[in-house]
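Q: As listed in Swiss-Prot for this protein:
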- D61: active site, proton acceptor (ACT_SITE)
- D61, G62, N134, D135, R145, D164, T175, A176, Y177, S178, L179, S180, Q234: NAD(+) binding site (BINDING)
Amino acid sequence: MKNIGININTDKDISRNILDKIFQYIHEECSEAKIKVFYDSKGLDNEESRALDAVMVLGGDGTILGTARALAKYDVPIFGINRGHLGFLAEIELEDCKKAIKNLFKGQYKIENRIMLKCDLKGIDKKDDFLALNDIVLTKGNLSRIVKYSIYVDDVWYTTFVADGVIVATPTGSTAYSLSAGGPIVYPDLDVLEIAPICPHSLGIRPILLNGNSKINIRVLKKYEDPVLTIDGQRYKKVTVNEVTISKSEYKCRLIKFKDKDYFKILRTKISYRSRECEGE
């Protein structure tokens, strides 16, 4: 492992001293290591990134999401040093950075392949790069008026309801927006997709888990303005068509997980027992 990328979120408190220390830790483990620094993921999606052996993310969970989308096509593993609020995906705290880098070069880690989503807008020829690690959300616009949705799974009608929106989430995203919408926490290596309605006007409409290979079609039957498509809470697009197709992407996010990190402990400390507001990024 000689080619290391570092992706820095410039909105976070990351001093030059912190970066110098990380350079030092890397070169202590491998004096020949080549380090390339990226800022706010700019240039990370270029073909040259394919040569990277790993990318360290200095930021929070939101920075991990952006990094995952940028690197998805290149199969480059990533891990995060938490400089955000929650640190569920970016699980390494700054004081443990040296130990994590040592374990990285010793090979004392495993790689988790996380499902990603892709989205197609019916009737639009141009294929935009709608990839998501957490979730893809279709919601009403600015008006406080609900929208009528009809859901099809593998071209079979599932249900129709009125609601503020619909979340389609991966297991990774099950601890994000869909959790707030009443969805279950899904163990991250399961091959499933989740549909979670947002504020449905019905007591009988509840989140559902589907086979990971399912194709989900969301049809907008009644609207007062164009709904909005949101990718991982970071990218959005007004939807002028009446149907959105969401399915599992052929790409996966490769997350580096160190052996001393326990998913259930992280779940307890970062989600279950967390009392202060999760501000996110």
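The backbone N, Cα and C atoms fix where each Cβ goes, and this holds for glycine too.
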Q: Can you tell me how spread out the NAD(+) site is, meaning the largest CA to CA distance among D61, G62, N134, D135, R145, D164, T175, A176, Y177, S178, L179, S180, Q234, in Å?
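A: Those residues reach a largest Cα separation of 31 Å.
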Q: Fewest other C-beta atoms within 10 angstroms of its own C-beta: which of the binding-site residues N134, T175, Q234 fits that?
A: Q234
Q: To the nearest whole angstrom, state the Cα distance for the pair D61 (active site, proton acceptor) and R145 (NAD(+) binding site).
A: 31
Q: Does DSSP give Y177 (NAD(+) binding site) helix, strand or coil?
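A: It is helical.
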Q: Compile a sequence-ordered list of residues in the same chain as L179 (NAD(+) binding site), six or more apart from it, whose Cβ lies below 8 A from its Cβ; state 'none' when nothing qualifies.
A: I185, I271
Q: Determine, from DSSP, whether the residue listed as 'active site, proton acceptor' sits in helix, strand or coil.
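A: The three-state answer is helix.
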Q: Neighbour count, 10 Å Cβ-Cβ cut-off, for R145 (NAD(+) binding site): what number do you get?
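A: So the number of other Cβ atoms within 10 Å of R145 (NAD(+) binding site) is 13.
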Q: Counting across all protein chains present, how many other Cβ atoms fall within 10 Å of the Cβ of the residue listed as 'active site, proton acceptor'?
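A: If we count other Cβ atoms within 10 Å of the residue listed as 'active site, proton acceptor', we arrive at 28.
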Q: Taking the Cβ of Y177 (NAD(+) binding site) as the reference point, list residues of the same chain whose Cβ is under 8 angstroms away and which are at least six residues distant in sequence.
A: N134, D135, V137, I167, A169, A196, G233
